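Next up is a structure, given as structure tokens.
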Amino acid sequence: MIDLLLPLTDIHRHLDGNIRAQSILELGHQYNVTLPARDLEALRPHVQVTKNEPDLVSFLQKLDWGVSVLGSLDACRRVAYENVEDAVKAGLDYAELRFSPYYMAMNHKLPVAGVVEAVIDGITAGCRDFDTDIRLIGIMSRTFGTEACQQELDALLSQRDRIVALDLAGDELGHPGALFTSHFRQARDAGWHITVHAGEAAGPESIWQAITHLGAERIGHGVTAIIDPRLMTHMAENGIGIESCLTSNIQTSTVESLDKHPLVHFLRYEIPATINTDDPAVQGIEIRHEYEIAAPLAGLTAVETRKAQENGLNIAFISEQEKQQLREKVLRKRGTA
């Protein structure tokens, strides 16, 4: 269960994986994009997981329709704004939204730097209108290769003060982290935090690589850490967090079933592991589902679920002062200061 006196966070949430089906339909019409269906219910199976996908790449294809309708920078601004509204409606007190500007730009050949600026504009307007706190993590989509990732990084660096961290996502098996060491050196030089998708499609060596070569402070998914006790000890001792996404890992067939998910073991190993959504619109779930349905099925006790909720703020990419201010704000709103 969710502890209402603690801030509720989602620190692994893809902006470009959370484009509303209704918005896809409307933007598709606006920008003359031929979609696989003309009404909402017929479109839904194409843009939302209805059964578990055979692998990560198949799952990621569900995201493609969402970005296919981003026909202008205004469209990017709109979906960013709607992401903030969705986060607030989900009950989140704090979220880190991650996005790949190259992925969002490529279908309509939008300027990548312009996409970054449009997303920032949409998030800023949303935070103002809905009185919430959202931070942005830039993604390099490794699937498109090192050169495209450098374009993406350059665009993100042009707004370096509005981005809190850099991530690497996409085809983990085909494009290992070692190819991107220079990119992450630039990110660290810019003062950014580092989180990396690793140990989702590949083994624990991918997580080691993210930590030792790329400087990862947090690992996205990280499920294969469970087969390397030395790695788990290293992560626990060094406070390297795991951004767990329970339902997502089942839908991508990364983990066979929730009762076999390693999150509970990570928590018992004292790794600062957290509960997150991943791509809510594509998955057809929200953060409450992860806490109230997925976590118990994954074997977490109420105490362990609360610990994961605490971890979400503890390893967030904001200052200790900002974390304390958020705790106090939640207590004022839902309890007693």
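Residue numbers in this text run from 1 along the chain shown.
Quick reminder: no glycine exception, Cβ is built from N, Cα and C everywhere.
These came from Swiss-Prot, pasted as-is:
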BINDING   His12, His14, His197, Asp278  Zn(2+) binding site
BINDING   His14, Asp16, Gly170, Asp279  substrate binding site
ACT_SITE  Glu200  active site, proton donor
SITE      His221  site 'Important for catalytic activity'
Please report the DSSP secondary structure of Asp16 (substrate binding site), reduced to three states.
helix
Three-state secondary structure of Gly170 (substrate binding site) from DSSP?
coil
Taking only the residues the record lists as binding substrate, namely His14, Asp16, Gly170, Asp279, what is the largest Cα to Cα distance between any two of them, in Å to the nearest whole number?
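Greatest Cα-Cα span of the listed binding residues: 13 Å.
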How big is the Cα-to-Cα gap, in Å, between Glu200 (active site, proton donor) and His12 (Zn(2+) binding site)?
14
List the Cα distance (Å, whole number) between Gly170 (substrate binding site) and His14 (Zn(2+) binding site).
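Given the Cα positions, Gly170 (substrate binding site) is 12 Å from His14 (Zn(2+) binding site).
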With DSSP assignments reduced to helix, strand and coil, which class does the residue listed as 'active site, proton donor' get?
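Coil, per DSSP.
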Using the alpha carbons only, what distance in Å do you get between His14 (Zn(2+) binding site) and Asp279 (substrate binding site) once rounded?
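For His14 (Zn(2+) binding site) versus Asp279 (substrate binding site), the Cα atoms are 5 Å apart.
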Report the nearest neighbour of His221 (site 'Important for catalytic activity') in space among the binding-site residues Asp16, His197, Asp278, Asp279, comparing Cα positions.
His197
If you run the three-state DSSP split on Asp279 (substrate binding site), which class comes out?
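In three-state terms, Asp279 (substrate binding site) counts as coil.
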Asp278 (Zn(2+) binding site) to Asp16 (substrate binding site): how many Å between their Cα atoms?
10
Beyond the listed site residues His12, His14, His197, Asp278, identify every same-chain residue whose Cβ lies within 8 Å of the center of their Cβ atoms for the Zn(2+) site.
Arg13, Gly17, Arg98, Ala169, Gly220, His221, Glu243, Cys245, Ser248, Asn276, Asp279
How big is the gap, in Å, between the Cα of Asp279 (substrate binding site) and that of His12 (Zn(2+) binding site), rounded to a whole number?
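With distance taken Cα to Cα, His12 (Zn(2+) binding site) is 9 Å from Asp279 (substrate binding site).
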How many neighbouring Cβ atoms, not counting its own, are there within 10 Å of the Cβ of Asp278 (Zn(2+) binding site)?
26
Once His14, Asp16, Gly170, Asp279 are set aside, which residues in the chain still have Cβ within 8 Å of the Cβ centroid of the substrate site?
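Here the nearby residues are Leu15, Gly17, Leu60, Leu63, Arg98, Phe99, Ser100, Tyr103, Ile139, Ala169, Asp278.
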Could you say whether, by DSSP, His221 (site 'Important for catalytic activity') belongs to a helix, a strand or a coil region?
strand
